[in-house]
Every structure is written in C-alpha cells, then in structure tokens.
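Q: Got a structure for you, questions after.
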Amino acid sequence: MTIKQALAWATKKLQAKNIKNASLDAEVLLSFILIKPKEFLYTYPEKVLTSGQTRRLNSLVKRRAKGEPIAYLTNHKEFYGLDFYVDKRVLIPRPETELLIDEVLNYINQPRSRGIHPRRAARINSSPTRREIKIADIGTGSGCIAVALKKHLPKSEVYATDISKSALVVAKKNARRHKVKIKFFQGDLLKPLITRRRNVDVSPSLPRIDIIVANLPYLDNALNRRRHWPMSPAALRYEPRKALAGGKYGLEIYEKFFKQIQASLIKPKIIFCEIGNNYQRQLQQLLKKYSLSSQIEIKKDLASLNRILKIVKGPASFA
C-alpha cells in the first residue's frame, strides 16, 4: 500500500464512522506512524508502507473510528505552543484553558507591559531584579498549566499538586520533556501545601504562595443522565471521569478547594480558576460562604462563555 492509497483508505474508513475531520485525522495518524511531517505524505505519495506500518495504521484507524481521541493515539497534544505527552491517565488539554495562562501572565506583568501580548511580556518582565514569584497549580493533571507557566516565567517557583499518583507520573514526564523544575506533590487539592505550612518548624523551605491556579472538575454529574453533558461522547468513554465530574451539582470539588483556602495559612494574592458557563450564581454563593467574594471577576472565552474566575486577595506587586 502506498502513502496515497493509505490516506484514501484511512479517510474512507473514518468518514464511514462519521468522524469529523476524517482526512486530517488520517494525515495525523500516518505522519505519526512514519515519523514524518504532513508535507512528506504529499511529496512522496508513491512510497510504499512496510507491512508493520500498514498493520499499525489499521490498528490506529480502528481505534479512531470508535471515537478514541487522536491525542491518546499519538500521545501528543499541543498546549500554549508546547508539545505535551498525554495518555488515558490524564485529561487532554483544551484550547480554552490557554486563557488561564494568559490571565496569569497579564496579571503578573501589569501595568509595566500593558498592551503587550502576555507571552512577550513574560520575557520582558523576567529581570533579575524581580523576586521569585511562587505559583501553585492545583489539580495539575498532565502538568500543562504548570509547565507552560514555568516556561514563560522561568524565574518563578512552581508547585503542582494532584490526587492521582498516575497523573503525576505524566506531569513529571512533561516537566522533564520541557526541562523545567517544578515541585510536585500528591494529595487532595491544597492539602500537601497546607501540611508543609503547618510543619514550619521542620520545613524551613515551606512555600509562600503568591498565585494559585486551579482547573478542577466542574461538570455536573446529572448533566450526563440528561444527555446534556457539555463534552464529546469520546471524552466520557476515554478520558478519566474523575478529571471531569465535579459532583452532584458540579461544584463539590471547588467548594472543598475554597474551604481549604479559607482554613489554611496559605494567603495568595490572587486565585485563578477555570469554571463552567452555567454556575455563576452558585459560585457567587460559595465565594460568599467562604469569605472570598470581596473582589472577583469572571472572564469570558472566545465563545463568550464564562471561563475564568479571578479572586483577588492582595496587590499585584512582585518587586
């Protein structure tokens, strides 16, 4: 089978199963198998695949036809201009989550870099005179948020927590891939950092947290039963459910998170959370309950949906 024939065959198989972007998926899978860029496929269309390459393509196309995400088939997903390793132990990074990174960088660099793209501003403002900014990524998953922040804020100190030991294996792999130093802790939300604060007498290197970033599960379990789950069916079948489901009302994990913040000695200047679009009223009630409602802001994504919650607790000064 030639490359040209393989592309046509794979596209036809995926189209038969109503896979969106079947042609693009066929290109991605064949490029992945051949370890070649897409341009190679069209430069050498008559190149014959080996029997091993043909078998592997057949296997991957069958899995894709059943709905398994491309990111899990190739173990690659781009996020904020960086290539991340992903597998079924972690949620696949979403484009809308990149707004979380933008908001953190904008906050750190205001007002010095107003009007400058946050990625460029981060480079401008990483001067030796600025003290280390300490950032905690809660529920890190693949580590994409923590790694992206560390790459764009190299002088910052980044901590990352996750309750899943297997997810942390993936996150550490991504930190090594991008050659960044991040301190990882296994535990329930803020608990690993809270424990370090309490052990101040025996832990002189305890973290002082300036910024907390959290992309926690926020989908209502009941939405699935009503068939209004705002994710693709593939996400339900293949992605870790614990990384998606936020409990009966979608905010159980966030309530636990807010409760931990209120009760702990960790006093960040600001907290950034990714949120669902339908929970604004419930969120405001929770924030009021845990004394976090004094200065909040909700940012919309490119689809004009509520996406980022900002909870300001102190001045944006890192001099």
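Positions of Cβ are set from backbone N, Cα and C atoms, glycine also.
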Q: Quick check on the annotation: TrEMBL has G139, T140, G141, S142, G143, D162 binding S-adenosyl-L-methionine, so which of N106, N109, N215 does it put in that site too?
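A: It is N215, as the record lists it for that site.
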Q: With DSSP assignments reduced to helix, strand and coil, which class does D162 (S-adenosyl-L-methionine binding site) get?
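A: D162 (S-adenosyl-L-methionine binding site) sits in a strand per DSSP.
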Q: Counting across all protein chains shown, how many other Cβ atoms sit within 10 Å of the Cβ of G139 (S-adenosyl-L-methionine binding site)?
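A: Taking every protein chain into account, the count is 24.
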Q: What residues, ordered by sequence, lie under 8 A Cβ-to-Cβ from D162 (S-adenosyl-L-methionine binding site) and sit at least six positions away in the same chain?
A: G139, T140, G141, L168, A171, F184, Q186
Q: What is the Cβ neighbour count of T140 (S-adenosyl-L-methionine binding site) at a 10 Å cut-off, with all protein chains included?
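A: By my count, 31.
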Q: Sequence gap of 6 or more, C-beta under 8 Å: which same-chain residues meet both conditions with respect to N215 (S-adenosyl-L-methionine binding site)?
A: T97, L100, G139, G141, I145, C273, E274
Q: Under a three-state reduction of DSSP output, how is G143 (S-adenosyl-L-methionine binding site) classified: helix, strand, or coil?
A: coil
